[in-house]
Amino acid sequence: MWVTTVLPKTVPPVLSFLTSTRNPKQNSFHFRFAYRPLNFKVSATKQQQQLPEPKTDQNPSSSDLGWLPAFPHVLIASIANFLFGYHIGVMNGPIVSVAKELGFEGSSILEGLVVSIFIAGAFLGSLASGSLVDKLGCRRTFQLDAVPLILGALRSAQAHSLDEILWGRFLVGLGIGVNTVLVPIYISEVAPTKYRGSLGTLCQIGTCLGIIASLFLDIPSETDPHWWRTILYIASAPGFILALGMQFAVESPRWLCKVGKLDDAKTVIRNLWGSSEVETAIQAFQSVIKNDGSDVGSRWLELLEEPHSRVAFIGGALFALQQFAGINGVLYFSSLTFKDVGITSGSLASIFVGLTNFAGALCAVYLIDKEGRQKLLIGSYLGMAVSMFLIACAISFPVDEELSGNLSILGTLMYVFTFAIGAGPVTGLIIPELSNTKMRAKIMGFSFSVHWVCNFLVGLLFLDLVEIFGVAPVYTGFGSVSLLAAMYAKYYIVETKGRSLEEIEMSLNPNFSVRDKQR
């Protein structure tokens with residue numbers, strides 16, 4: 001899920017994610033896909049498999065509204081990502097006022113702890129999310145997860161001591177950890193295959209909007225020392241909306257089929273995908289459930305077995321590369337970069353970065369189902385690498401001070417934009433696509449737990465590395481990791497656009513064809 005903003009003292013978490021919807025100024029989406037057979041590089045064993053060429057519409061309509069029935073449900077789920085973005089940025093401006101009022105002013109360690117304590121909660125929430133989704137389904141898990149989000153925001157707003165605000169932030173993190181896993185799973189399972197990528201990037205857009213909203217709401221905190229309580233009270237409102245909205249949203253048809261509620265699954269498919277898809281989809285669901293034993297539950301130890309271990313490794317590696325490519329560090333240091341060219345307002349610099357991030361997420365809406373996940377990942381990381389090397393050169397070889405400053409600004413905005421096009425949204429989307437029905441939630445939980453650990457390490461070490469080696473060498477390191485990530489995406493990530501989750505699972509699971517022959 002991800003996305004982040006500029007902090008005065010500490011580095012906030014960043015989520016990669018997520019997904020999209022239509023531009024409000026447009027009447028519809030209409031994508032025409034030119035598909036060709038794809039050779040899939042499946043794993044480190046370099047096993048090659050080929051999916052059948054996806055079906056294309058014989059009579060494409062000039063006004064394709066196939067995304068529309070699923071859109072309201074995806075939009076409700078994306079409120080969780082809005083909350084994530086909001087809580088990333090909500091403490092940035094008023095942290096000094098919070099520290100002064102609660103008695104820990106001047107302690108950079110405690111100020112950083114208040115801002116980032118929710119990483120610990122998010123880590124635990126990510127691990128707990130898999131079992132919750134498997135047992136309760138997506139809708140009930142969303143509603144249950146709203147409880148710590150609401151209580152955490154209220155407790156933080158009413159805090160009169162350091163302990164109280166830390167507990168509030170921890171509860172918020174717990175809810176965020178569950179939601180970052182849950183949202184991409186839900187969207188991937190309810191969205192029509194053709195629009196799964198575009199609707200999936202709505203996660204990233206929700207995060208961007210949450211960050212931007214928090215930055216604007218932070219502005220009064222510069223003059224009102226008690227404003228932080230108001231914006232934390234406001235943070236509880238989306239939690240109530242999410243819990244209420246999920247009462248009217250549909251459950252994942254794949255989960256309904258897994259727990260034996262076939263009639264309910266058929267109703268959801270009919271309403272969201274169309275009547276013509278019902279029988280085909282149910283047959284595909286039942287086929288993969290029988291093959292992998294999804295109806296008997298899953299265990300964490302199964303992550304050590306093939307093919308689950310392969311996908312879990314890919315998911316963890318993608319998030320580790322995403323974080324070590326330096327998104328948190330770049331966004332932290334961007335405030336100083338903007339100051340060098342005369343933009344002294346940290347809030348204004350953050351808004352520039354946030355709007356760039358949002359623009360990139362909007363581009364991802366169009367590109368992700370047109371160009372595919374793998375191309376976006378490769379292009380995104382290559383763009384991030386070029387941006388890092390540009391900034392490193394501008395700092396190391398300052399031919400002209402003004403030119404170096406402008407190149408640094410350009411490199412920073414390029415980095416954020418290219419991150420938002422691919423590395424941000426695609427990482428969170430492709431992992432549930434590659435995961436099978438039985439282990440999808442647990443693979444996602446494991447992958448995001450890796451995300452939070454790496455996120456914490458980058459935030460912990462970034463400033464020390466800059467102090468020891470300097471900005472240019474650290475940025476060169478980020479660029480090198482970005483190049484490594486592009487190579488990893490080239491050789492180890494398979495293309496999933498235009499294929500149903502069941503088609504992908506059947507293709508990537510070598511045991512599937514064997515069991516079919518035995519039957």
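Indices start at 1 and increase along the chain as displayed.
Cβ coordinates come from backbone N, Cα and C, glycine included.
Noted in TrEMBL for the protein shown:
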| type | residues | note |
| --- | --- | --- |
| TRANSMEM | 70-88 | transmembrane segment |
| DOMAIN | 73-497 | domain 'Major facilitator superfamily (MFS) profile' |
| TRANSMEM | 109-128 | transmembrane segment |
| TRANSMEM | 166-187 | transmembrane segment |
| TRANSMEM | 199-219 | transmembrane segment |
| TRANSMEM | 231-250 | transmembrane segment |
| TRANSMEM | 311-334 | transmembrane segment |
| TRANSMEM | 346-369 | transmembrane segment |
| TRANSMEM | 376-397 | transmembrane segment |
| TRANSMEM | 409-431 | transmembrane segment |
| TRANSMEM | 443-462 | transmembrane segment |
| TRANSMEM | 468-489 | transmembrane segment |
Winner by Cβ pairs under 8 Å against the transmembrane segment (311-334), considering only 231-250, 346-369, 376-397, 468-489: 468-489
Interface present between the transmembrane segment (409-431) and the transmembrane segment (166-187) (three or more C-beta pairs under 8 A): yes
Contact call for the transmembrane segment (409-431) against the transmembrane segment (231-250), three or more Cβ pairs under 8 Å: no
Positions on the same chain near the transmembrane segment (231-250), where near means CB under 8 A and six or more residues out: 72-73, 76-77, 79-80, 82-83, 86-87, 90, 94, 139, 142-143, 146, 149-150, 153-154, 156-157, 168, 172, 175, 190, 214, 217-218, 221, 268, 271-272
The transmembrane segment (70-88) versus listed stretches 109-128, 199-219, 346-369, 443-462, 468-489: most Cβ pairs under 8 Å: 199-219
Across the domain 'Major facilitator superfamily (MFS) profile' (73-497), average pLDDT on the 0 to 100 scale: 91
Listed stretch, out of 109-128, 199-219, 346-369, 376-397, 468-489, that has the most CB pairs under 8 angstroms to the transmembrane segment (443-462): 109-128
